[in-house]
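Here's the structure, in structure tokens; my notes come after.
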Amino acid sequence: MASSAKKYHHIQEIVAHSSKVNCVALGQNSGRVMATGGEDKKVNLWTTDKPNCIMTLSGHTSGVDCVQFNKTEELVAAGSASGCLKLWNLEQCKIVRTLNGHKSSIKSIEFHPCERFVLSGSTDSNIKLWDVERKGCIFTYRGHTNGINCVRFSPDGKWFCSGSDDSSAKIYDISSGKQIAQLATSAPVKAVEFHPNEFLLCLVSTDKTLTFWDIDVFKSIGSSQPSDTTTDYRCLKFHPAEKCVYAATNDYLKVHSWEPTEYLDSLKTGWGAISDMAFCQDRIVGVSMLGSNVSTYIVDQNTLRPFGASGRDTDRTEKGSSDKRRSFAKDEAFQRSNTPKEDKFEKEDFRTESQDSDKADIKNLNEYRAMFQPKKEERRPLTQGGVNPDDFLPKKVQSTELARSEIPITLNKGHNSMIGVLQARAKNLQIVRALWTTGNIRTSIETAVGMKDQSILVDILDVIIKKNSLWTLDLAVILLPHLLQLLQSKYENYAIVGLHSVKTILKCFGSVVKANVSAPPGAPGVDISREERHAKCKECYDLLCKVRHVIDSPQPPKHLIKSASKLKEVKFLFQQLD
């Protein structure tokens, strides 16, 4: 172990919040800005070398448990203890998105390389993929059985890895929404990190070990010896160029290599509860928190192996690397893309929270598969280029597979309108009932028909078809035109009730109608009551013939075909009119 003299510097210690600090995150692009979240429900922004707060972001209603910058450091996402995720535009200094869905505290946030999507992991054991532009959850991943400690996208944005207190790390394919690998560990996983170039993943667990995985074949290629420090590893960063990884505990910064897996160097720092690290030129910036205070440290890489001490270990670098695992340096098909990034959404794409009162929920992962799916003729590259959602968004949604927790949200969208419909229906039924109780059934039926609401008519018919004594020839004449509409309704229940009503009319009046139509009255004025009865029977007969035409047609309404036995019975009753 090398001496710690002049290898690291304590830059500053600031009072970051009025209450306990829960989280600190560094901007990974510059390493010069940091965001802090506290129990005071605020997110504060700072530079790493100055004690003055740049900006305070408010909006959460519970303590902030997780913060994260996007790659360009123009956005900040913060997750609260209540499970709410909020995004701020730093230039405009305002909330641009509020995303609800988690049931408990959010512990990890990660921006997709294209910056349109955000991943969040919670203590409710669920991981959610959010579309920032369309304000909704694309998919909920439910593979873990305990709280999520960390989530990380692969450099190409097509996979992500999650680490949990259930002593496992899982790799998911975003295009299919399915788990493609489970990396078992002997202890809860606290941090995971993809190598920026190679098909390599490193994870750290509470047993104080680092484990390296070849994600081309999903096999472990080695583990470090358990750390001799008093605390386990809390932060993990691959060096972007050299074959080494920096792992930090509360009191040490350690450097490890892989192939072979070996310990290279360490530095006793004593920086406390380390929360995040970032690279700034040839230095490593670290931030830690204690109570309401946040401290900033800088470590010079050149004083640690493989850069310093005995010099750059070129022999290990050249001979230790595997020839089998693909990397950008050895495989041209996986070289880093230099294409300018075109999928970064502009500021004008954002709308404020007040303008986004609708709680849209996308719910369909298949809508996004074309954006993440690699071409069939190509092998999956790990590049930094990201995807262009506008170019790859499919024009048709292929399926509607809803996550179980998202079904209530969908149902609630039409809740208010449905309540309004049911309240109006109940009011109309009360009016019909009031007329019915006076004993004037005909008036109540005519009122129900005049409301021009088939649901009201169906409710009334459901009652009177159970009691034949309520039916009269006048009632049949009033109802038959509307029964014809019910038989052709798109709702199966309406059609069946209409068919039952026609059957009741035929049973009660079929023979009477036939007899009166077949034997018309004599000279006018001789028997007025008989003439009136004949006129009603003739009108009823004409209406029944129209109904019969629908029932006997070569292609009767589809709901009537489903009730074949009832339809056959009604056709038999119609024969008495012949």
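Every residue, even glycine, has its Cβ placed from backbone N, Cα and C.
Annotated compositional bias 'Basic and acidic residues' per TrEMBL: 312-359, in sequence order.
Residues in the domain 'Katanin p80 subunit C-terminal' (413-553) partition by DSSP class (helix H, G, I; strand E, B; coil) as 113 helix, 0 strand, 28 coil. Summarising the annotation, TrEMBL assigns domain 'Katanin p80 subunit C-terminal' to 413-553.
TrEMBL lists 306-359 (among others) with the feature region 'Disordered'.
Summarising the annotation, TrEMBL assigns region 'Disordered' to 371-393 (among others).
The repeat 'WD' annotation in TrEMBL covers 14-56 (among others). Here the repeat 'WD' (14-56) has, by DSSP, the following mix of helix, strand and coil residues: 0 helix, 21 strand, 22 coil.
Residues or ranges marked as repeat 'WD' by TrEMBL: 57-98 (among others). Mean pLDDT for the repeat 'WD' (57-98) in this predicted model: 93.
Summarising the annotation, TrEMBL assigns repeat 'WD' to 99-140 (among others).
Taken from TrEMBL, the feature repeat 'WD' covers 141-182 (among others). Residue counts for the repeat 'WD' (141-182) under DSSP (helix as H, G, I; strand as E, B; rest coil) come to 0 helix, 24 strand, 18 coil.
Among the features that TrEMBL reports, repeat 'WD' is placed at 182-223 (among others).
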